[in-house]
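Chemist: What TrEMBL shows for this protein is this:
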TRANSMEM  A:15-33  transmembrane segment
TRANSMEM  A:45-64  transmembrane segment
TRANSMEM  A:70-88  transmembrane segment
TRANSMEM  A:95-114  transmembrane segment
TRANSMEM  A:120-140  transmembrane segment
TRANSMEM  A:161-182  transmembrane segment
TRANSMEM  A:213-232  transmembrane segment
TRANSMEM  A:253-280  transmembrane segment
Amino acid sequence: MNQEIKKRLVNQVNIYRSLLILVVICIFASLLSESFLSVSNLFNVFKQVTVAGIIACGMTFVILTGGIDLSVGSILGLSGVVASGVLASTGNTALAVVTAMAIGIACGAVNGFFISQCGIPPFIATLGMMTLLRGCVLIYTKGSPIPVKVDSYKFIGKGSVLGVPVPVIILILLFLLAHYVLTQTSFGRSIYAFGGNREVARLSGISVKRTEWMAYVMNGFLSGIAAVVLTARLSSAQSTSGQGIEMDAIAAVILGGTSLSGGTGFVLPTVIGAMIMGIIDNILTLMNVNPHATNIVKGAVVLIAVLVDKKVKDLSAKAG
Amino acid sequence: MGEGYVLKLENIVKTFPGVRALDGVHLEIREGEVHALCGENGAGKSTLMKIIAGAQPYTSGAMYLNGKEVVFHSAKDAKRHGIAMIYQEFNMIPELTVAENMYLGRLPVNRAGKVDWKRLNQEAQEHLERLGLSFSARAKVKSLSVAEAQMTEIAKCLTIGAKIIIMDEPTAALAEEEIRILFQTIGELKKKGISVIYISHRMDEIFQISDRLTVFRDGKFVATKEIGQTDYEDVVSMMVGRKVSNLYPTRDYVPKEVVFEARNINGPGVHGVSLKLHKGEILGITGLLGAGAIELSKLIYGAIPMESGEIYINGDKKDCTSPKKALKEGIGFVSDDRKQEGLVLIRSIRENISMSSLKKLTRGFSLNKKLEVKCVQEQVKALNIKISSDQQLTGKLSGGNQQKVVFAKVLEADSDILILAEPTRGVDVGAKAEIYSIINKLTECGKSILMISTDLPELIGISDRILVMREGQLVLNVSKQEINQEKILAHASGGVNKHESGN
């Protein structure tokens with residue numbers, strides 16, 4: 001009887017783990033700094049996590065297949081600079097946004113091609129693409145930033161609707177889209193099946209190559225949108241923008257409890273994972289901690305989260 | 001205490017939180033005997049084995065080795081006392097040689113601390129020869145057949161001076177010919193006074209090889225009997241706890257039209273096989289391991305690409321070059337390896353069942369979950385799958401229930417032609433009977449079955465016609481009336497010249 005309750009409790013902790021971490025960290029944060037819980041600061045945190053959050057949504061798909069995508073930062077960089085370039089020469093916001101998305105999709109498709117059709121391990125394929133695309137960015141920009149001067153484009157990053165910042169709205173919409181695709185469509189089911197056991201998925205009549213390919217395309221597409229949000233918020237496209245963001249996205253997915261070996265996980269905990277990273281950043285800034293020390297704390301949080309995850313899983317395995 | 005017995009277990013109780021896995025179990029093993037443990041899945045066999053092998057502690061009771069009470073704290077401890085276990089999954093390193101694997105962790109060294117390869121290989125070879133094995137101790141394990149790898153494991157037990165060897169389903173991955181070699185080896189062990197505790201789901205083997213057997217049910221000791229004083233039906237009814245009248249359903253199949261035809265199939269391990277399957281028929285295919293029966297099933301389903309060959313369904317030529325295309329043409333496949341090829345073990349029953357019919361369940365962009373739940377419930381009910389919820393992970397189900405989920409998946413995809421590869425492997429007797437009855441019922445609904453099995457009694461019990469393969473070719477085609485086990489074995493092992501195998 002007691003065992004039954006314990007088992008149920010362990011299962012519940014499993015599901016809401018990332019939410020629990022978030023609550024604990026929020027309590028700590030509000031104790032450490034009075035300004036943390038103010039509305040303007042919370043929106044600020046939200047705004048800061050949008051870029052990593054959007055990419056983490058896409059990364060969830062890739063990691064659910066058992067893969068990894070290291071090239072998202074470079075995809076973001078390239079989409080951002082080319083979109084800003086298009087914007088500078090045409091002044092057409094819609095065209096710039098579509099360009100960013102198209103470049104994201106194209107880069108994701110190339111990743112997916114090498115991985116699903118040629119059988120190159122995801123880590124290696126996307127590592128190559130990461131370096132290659134960053135090179136493209138540097139050649140395109142010649143190393144200098146491209147300023148963004150069109151107001152309608154800037155609105156995407158700086159504006160707000162009914163008091164809610166536009167990037168936050170975009171993140172929520174994309175999260176809902178990703179959640180819908182993953183839980184309500186046959187493609188989502190295929191992703192889970194693929195990540196759970198590729199051969200079973202293939203023998204069950206699922207187009208495994210297309211499924212894997214599409215996961216990378218999806219990730220590229222979201223990286224393209226993230227590029228628009230970032231360049232619009234900063235009013236310029238830097239040749240270094242997006243560098244290292246792949247690690248933030250992967251960390252968010254891991255904090256969300258998605259298994260790196262694929263097959264289990266959701267988008268919502270990933271977004272919460274991204275917020276946890278954002279809040280840590282925010283609180284350390286509010287406390288005037290040396291920015292370099294931020295990385296130490298973030299890394300430690302990821303390690304602790306994974307450690308706790310392992311312990312909880314061992315417990316639930318014991319409870320049957 | 002325990003006079004005449006090398007191992008004696010008294011009143012062993014093992015409790016897991018909330019479960020009493022073993023409830024006062026007795027077991028007595030004589031020197032040099034083969035002692036079979038019988039019981040359905042969950043009867044407590046594997047827990048008992050782990051206790052004997054020191055891999056798990058027991059809650060209460062006593063264990064005597066040669067009359068002296070012993071307590072094992074680890075598997076190493078048990079090994080030191082001469083008890084070794086051969087698991088279903090071999091624990092060998094493929095890149096190392098047979099000799100290296102046999103002496104892993106205790107390679108002989110010379111005075112300089114360098115491995116004494118000559119002595120190692122010599123000693124290993126001697127152990128192999130003592131068991132009547134002819135392969136080289138210098139061969140890499142990865143180059144061995146499954147049977148040879150298993151023999152290596154047994155030889156390894158001898159190098160540590162094992163007096164009792166526990167074998168868990170040792171024939172699961174072996175074909176008839178290899179089983180014969182295993183049994184010879186077990187005979188050699190007996191001569192040396194080594195006792196073997198033998199676990200198998202295959203009753204015919206137990207009667208062939210054992211001296212005595214002990215039956216368990218629901219963690220309780222039922223009986224220990226001399227092989228001569230019991231029979232198949234007696235053992236099964238003790239295992240199940242009631243009389244089992246008919247394992248195989250009675251079939252009254254009348255030949256109908258051809259629904260499926262494979263012409264001149266060529267591929268890895270399969271050479272020029274043609275066959276016809278009639279509506280409502282159960283066509284059995286058998287052969288030794290490596291004879292190509294499993295490969296043939298995968299070629300037909302498009303799981304392995306064909307080199308050449310044609311598939312006709314209802315007389316029309318069809319493209320079945322991938323599982324997806326084969327499914328579309330109404331061919332379903334139940335793999336012989338349910339854990340690696342049948343189920344996504346970390347996903348739910350519901351997701352597994354609808355995995356092959358996602359398209360059918362999609363309305364617009366999204367899955368129609370209501371329809372899905374309804375379809376899944378229907379399959380669960382029709383196949384009598386015992387589950388508490390369709391959200392349970394398939395990895396946590398028993399072998400029989402897992403296999404039924406695979407069946408449900410294939411049936412949900414509306415397949416009319418079902419290829420079943422070893423559908424009862426690793427499934428206990430009760431569930432086996434159920435699966436046979438499901439297969440029988442399916443044919444009554446007009447489905448046609450191609451069943452691949454190396455379990456001959458099973459194949460003979462259920463098939464309307466049997467094809468025998470050897471070295472990738474069909475060598476025999478017999479109807480129900482002419483089926484007999486000796487004839488099939490003779491053809492499968494090459495004891496008879498190749499026959500005409502048309503239809």
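From the backbone N, Cα and C atoms, a Cβ is placed for every residue, glycine too.
Distances, neighbours, how buried they are, the whole picture for these features please.
Modeler: Counting residues 6+ beyond its ends, the transmembrane segment (A:45-64) has Cβ neighbours under 8 Å at 72, 76, 122, 165, 167-168, 170-171, 174-175, 178, 182, 191-192, 195, 215-216, 218-223, 225-226, 229-230, 233, 245-246, 248-250, 252-253, 256, 258-260, 262-267, 270-271, 273-275, 277-279, 281-282 in the same chain.
Remote same-chain residues near the transmembrane segment (A:70-88) are listed as 51, 55, 58-59, 95-97, 99-101, 103-104, 107-108, 111, 123, 126-127, 129-134, 136-137, 140-141, 146-150, 153, 219-220, 223-224, 226-228, 230-231, 236-246, 249 (criterion: CB distance under 8 Å, separation of at least six residues from the stretch ends).
Here the transmembrane segment (A:95-114) has Cβ contacts under 8 Å with residues 69, 71, 74-76, 78-80, 82-84, 86-87, 120, 122, 125-126, 128-129, 133, 150, 153, 156, 212-225, 227-228 of the same chain, all six or more residues outside its ends.
Remote same-chain partners of the transmembrane segment (A:120-140), defined as residues 6 or more beyond its termini with a Cβ less than 8 Å from a stretch Cβ, comprise 62, 67-71, 73-75, 77-78, 81-82, 85, 107, 110-111, 114, 239, 243, 246.
Listed as Cβ neighbours of the transmembrane segment (A:161-182) (distance under 8 Å, sequence separation of 6 or more from its ends, same chain) are residues 43, 46-47, 49-51, 53-54, 57-58, 60-61, 64, 155, 188, 191-192, 218, 222, 225, 229, 233, 266-268, 271.
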